[in-house]
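Asks: Let me begin by handing over the structure; questions about it come next.
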Amino acid sequence: MIHAYTAESIRSIEQVSLDRDGQATLMRRAAAAVAEQVLVALPGPLPGRRVVVLVGPGNNGGDALLAGALLRRRGLAVTAVLTAPDRTHAVALAEFRRRAGRVLAADSRGVAGLISGADAIVDGLVGLSARPPLRSPMDALVTAANESAAVRVAVDLPSGVDPATGTVDGPVFAADVTVTFGAVKTGLLVTDAAGQLICDPIGMDPADAPGVGVDAVALTEGDLDRWLPGPGTTDDKYSGGLVGIVAGSPGYPGAAVLCTGGAVRTRPGMVRYAGAQGGAVLARWPEVVASETPDGAGRVQAWVVGPGLGTDDRAMELLRFVLGEDVPVLVDADALTLLAQHPDLLAGRAGRPTVLTPHEREFARIFPEIDLADRLRAARSAAATSGATVLLKGHRTVVAAPDGTTAVNRSGSSWLASAGSGDVLSGVIGSLLATGLEPWQAAAAGAFLHGRAGERAQAAGLAGASALWDFLGRPAA
């Protein structure tokens, strides 16, 4: 599990190391970590390879300059572009010059051409204290860097990203690799501008800073290994979890098939389908037990309600029944629309485990008073207000529990942005709820599994929501 921290916590963690080791030592460690990743990213012979280091005022610029000095020692041609020559870190600049690095001001002629022709670009423009948008000339340098074919490496965080929220306003350095130090900043989990995220401790440890707590997490394969053990020798179809699916309608029969398939492939003990599309479901999933109504489905340990259900009186009747059950319930799609129209339904679930899985438009209908500009804060506020675990869908899906525990999902692919993908996700999470995972765990693990399935489907060249079925629950490659 990746632990992420607020900017204030990062400063506390850093201060302990500064007091113990000194700034010069930490900067040299940071520079070595950045230089190593530049070397890893550049294939073939190194001498003569062209590196441009974008240098702002402050310590991030100093880290970048020291990394440039190390790269010069390896024979690379390194040019530092300074945005504020009179405020550049003096010691680091002197070291860079001592290694015969080339220095240019950002407004010098030829800077754009240097960036365009670089093999690697190191972003050391702004640090932890900066907030977007970037000012001139940084914005122009970032735009030029993004248009270059060079490998882009960010120092600590990509310039233009808010370290607290991951939000951007204007140009942002689109890193292939971000080398962050000590601990991950929360914004790095949210942004898609960080590329491959590498955290080098450089001698810093969050455990050394009293009172510092984790702000958000991102799951890894190891978490799934712990949370989702395989069935034991004494397990049977009842002990493995029974999930009920209420989905589909004459207008959207495929939603029932997709959602049920997501549940089946996540390996519960049994999947029960309750609805009018039982024929279509059984034709694809003969292992499912089907009934026409949820009250005739038999015992379940979790319900999924909403995908393709419609919003008519019959759908409302089904939703009311499911929400009245004393088992975990996941509410998605059309059922979310009904919740927005009838807020009393959600209030009636107070004290019972509930998962809501809205995309941003659905979220805005259910929680119109909550600003979506900061997705982490929005999901947390919605969870606290509703008493439900809220999974806010997006490129970086956010999962928040009522107590504020928050996960950001970093698995996934743009191929998941297709019709029916969310139906599969609902089935996956429903199965995990039925196995006994807490709602936040089930939602976070389900988002990770779903995203990983999307990555694997894309790698196999398979599009469409049904392609996800074959990549759910497989061992890590």
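All residue numbers here begin at 1 and follow the chain in the order shown.
Using N, Cα and C of the backbone, Cβ positions are placed for all residues, glycine too.
Keep in mind that this is a model prediction, so the values were computed, not measured.
Okay, these came from TrEMBL:
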| type | residues | note |
| --- | --- | --- |
| DOMAIN | 1-210 | domain 'YjeF N-terminal' |
| BINDING | 59-63, 127-133, Asp156, Ala255, Gly308, His359, Asp423 | (6S)-NADPHX binding site |
| BINDING | Asn60, Asp123, Ser159 | K(+) binding site |
| DOMAIN | 220-477 | domain 'YjeF C-terminal' |
| BINDING | Lys393, Gly394, His395, Arg396, Thr397, Gly422 | AMP binding site |
Asks: Note down the number of other Cβ atoms within 10 Å of the Cβ of His359 ((6S)-NADPHX binding site), including every protein chain shown.
Replies: 16
Asks: Roughly how many Å separate the Cα of His395 (AMP binding site) from that of His359 ((6S)-NADPHX binding site), to the nearest whole number?
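Replies: Between the Cα atoms of His395 (AMP binding site) and His359 ((6S)-NADPHX binding site), the distance comes to 10 Å.
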Asks: Please classify the secondary structure at Asn60 (K(+) binding site) using three-state DSSP.
Replies: helix
Asks: Would you list, in sequence order, the residues of this chain other than Asn60, Asp123, Ser159 that have their CB within 8 A of the centroid of the site's CB atoms, where the site is the one recorded for K(+)?
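Replies: Output for this site, in sequence order: Leu54, Gly56, Gly61, Ala64, Gly124, Leu125, Val126, Gly127, Ala154, Val155, Asp156, Leu157, Pro158, Phe173.
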Asks: Taking 8 Å from the centroid of the Cβ atoms of Lys393, Gly394, His395, Arg396, Thr397, Gly422 as the cut-off, which other residues in that chain fall inside it around the AMP site?
Replies: His359, Leu392, Val398, Asn409, Gly412, Ala447
Asks: What's the most sparsely packed of the binding-site residues Asn59, Asn60, Ser159, Thr397, counting other C-beta atoms within 10 A?
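Replies: Among the binding-site residues Asn59, Asn60, Ser159, Thr397, the sparsest Cβ neighbourhood within 10 Å belongs to Asn59.
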Asks: Work out how many Å separate Gly422 (AMP binding site) and Asp156 ((6S)-NADPHX binding site) at their Cα atoms, rounded off.
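Replies: Rounded to the nearest whole number, the Cα-Cα distance is 34 Å.
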Asks: Fill in the CA-CA distance, Leu128 ((6S)-NADPHX binding site) to Ser159 (K(+) binding site), as an integer in Å.
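Replies: Spelling it out, the Cα of Leu128 ((6S)-NADPHX binding site) and the Cα of Ser159 (K(+) binding site) are 10 Å apart.
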